[in-house]
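Over in Swiss-Prot, the protein carries these features:
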type     : residues      : note
DISULFID : Cys110-Cys187 : disulfide bond
CARBOHYD : Asn7          : N-linked glycosylation site
CARBOHYD : Asn190        : N-linked glycosylation site
MOD_RES  : Ser337        : phosphoserine
MOD_RES  : Thr340        : phosphothreonine
MOD_RES  : Ser347        : phosphoserine
MOD_RES  : Ser350        : phosphoserine
MOD_RES  : Ser356        : phosphoserine
MOD_RES  : Thr370        : phosphothreonine
TOPO_DOM : 1-39          : topological domain 'Extracellular'
TOPO_DOM : 63-73         : topological domain 'Cytoplasmic'
TOPO_DOM : 96-112        : topological domain 'Extracellular'
TOPO_DOM : 134-152       : topological domain 'Cytoplasmic'
TOPO_DOM : 175-222       : topological domain 'Extracellular'
TOPO_DOM : 244-259       : topological domain 'Cytoplasmic'
TOPO_DOM : 281-298       : topological domain 'Extracellular'
TOPO_DOM : 319-371       : topological domain 'Cytoplasmic'
TRANSMEM : 40-62         : transmembrane segment
TRANSMEM : 74-95         : transmembrane segment
TRANSMEM : 113-133       : transmembrane segment
TRANSMEM : 153-174       : transmembrane segment
TRANSMEM : 223-243       : transmembrane segment
TRANSMEM : 260-280       : transmembrane segment
TRANSMEM : 299-318       : transmembrane segment
Amino acid sequence: MEYDAYNDSGIYDDEYSDGFGYFVDLEEASPWEAKVAPVFLVVIYSLVCFLGLLGNGLVIVIATFKMKKTVNTVWFVNLAVADFLFNIFLPMHITYAAMDYHWVFGKAMCKISNFLLSHNMYTSVFLLTVISFDRCISVLLPVWSQNHRSIRLAYMTCSAVWVLAFFLSSPSLVFRDTANIHGKITCFNNFSLAAPESSPHPAHSQVVSTGYSRHVAVTVTRFLCGFLIPVFIITACYLTIVFKLQRNRLAKNKKPFKIIITIIITFFLCWCPYHTLYLLELHHTAVPSSVFSLGLPLATAVAIANSCMNPILYVFMGHDFRKFKVALFSRLANALSEDTGPSSYPSHRSFTKMSSLNEKASVNEKETSTL
């Protein structure tokens, strides 16, 4: 019975969770899987951590100290900070995987680190949704947007996003726990809030049922608020933008449409496997264990990779930068700065023109220097 996994000593015997809360069945996994999975996680997490700290750190520094403060820079700085904090705590989970799922940082850090990771997921998703909605409003209501779109409102919106993410991530502070199993300490979700050494008692079935209900509530809430609803809003916003641009013939170049499609597809591909497998975990007895022992580590790695891809997708691809010769600072500055014109996308042709002017200027500088 699947309820047994929530308050039975069996869960401590054959299931371990990594830093993100999923369980890997080590008894049923093949020796090859047991060896490859930790190595795979260490490599991917390390790569994501390096790229995420570098990319998001660069965005934070340039947008904060090198640029004029605008609504766009507020969005991107908050997004970069959320991803940066996520990557700061990745080394703990790299160590966890490298030590064959042995948690050495204590119960408090088990709760705090996973709370921060969950908080980052919600913050990033909500900020991407806010950015999409902001761009949509700028296209649909350019005059209203110019009159009411302010830095103060952007800060208030970001504050609300962080508070909401805190509330939705709070279950990690309650349910995350540690247990010593066969000489190893695992960090896992103890939804029943029962001690690992507890034995069956008359109220055992009630405790188990309560634990399962909490697991369902947390998983479904995470899927709806952290994926399905944001994806629906983001998709609706960009479809509206595309429809508006095509109807008004404001963009002859199809590059903006390709960027929009790339953003939506990438976000969907990064998080869809993660949430799908977590939903399947609610009925794990009906699914082969190999699906979780191999699928969950892979899905988690793909999901966290989104934190290092955001600087690329939302900054470097944000405008029409077709020439690699353009300086990195210019790319970031142009991407994070406010768009000229009544809305973000109607001025797309000005971006192309501005890029070409920048390139011509750089060529002229070279010619002058050679003379």
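Please read every residue number as a count from 1 along the shown chain.
Every residue gets a Cβ built from N, Cα and C, even glycine.
Asn190 (N-linked glycosylation site) and Cys110 (disulfide bond) are 12 Å apart (CA-CA, integer value).
Residues 18-20, 41-42, 45-46, 48-49, 52-53, 56-57, 59-60, 63-64, 104-105, 109, 113, 116-117, 120-121, 123-124, 127-128, 130-131, 134, 151, 154-155, 158, 161-162, 304, 307-308, 310-311, 314-315, 335-336 of the same chain, all 6+ positions outside the transmembrane segment (74-95), place their C-beta atoms under 8 angstroms from a C-beta of that stretch. Mapped onto DSSP classes, the topological domain 'Extracellular' (281-298) shows 14 helix, 0 strand, 4 coil.
Most Cβ pairs under 8 Å with the transmembrane segment (153-174) belong to 113-133, among the candidate stretches 113-133, 223-243, 260-280.
Non-local neighbours of the transmembrane segment (260-280) in the same chain are 22, 125, 128, 219-220, 222-223, 226-228, 231, 234-235, 238, 241-242, 287, 291-292, 295-296, 298-300, 302-303, 305-306, 309, 313-314, 317; each lies 6+ residues outside the stretch with a CB under 8 Å from one of its CB atoms.
Burial estimate for the disulfide-bonded residues (Cys110, Cys187): highest at Cys187, by number of other CB atoms within 10 Å. Around Asn190 (N-linked glycosylation site), taking its Cβ as the centre, 21 other Cβ atoms fall within 10 Å, counting all chains.
Residue counts for the topological domain 'Cytoplasmic' (134-152) under DSSP, split into helix (H, G, I), strand (E, B) and coil, are 16 helix, 0 strand, 3 coil.
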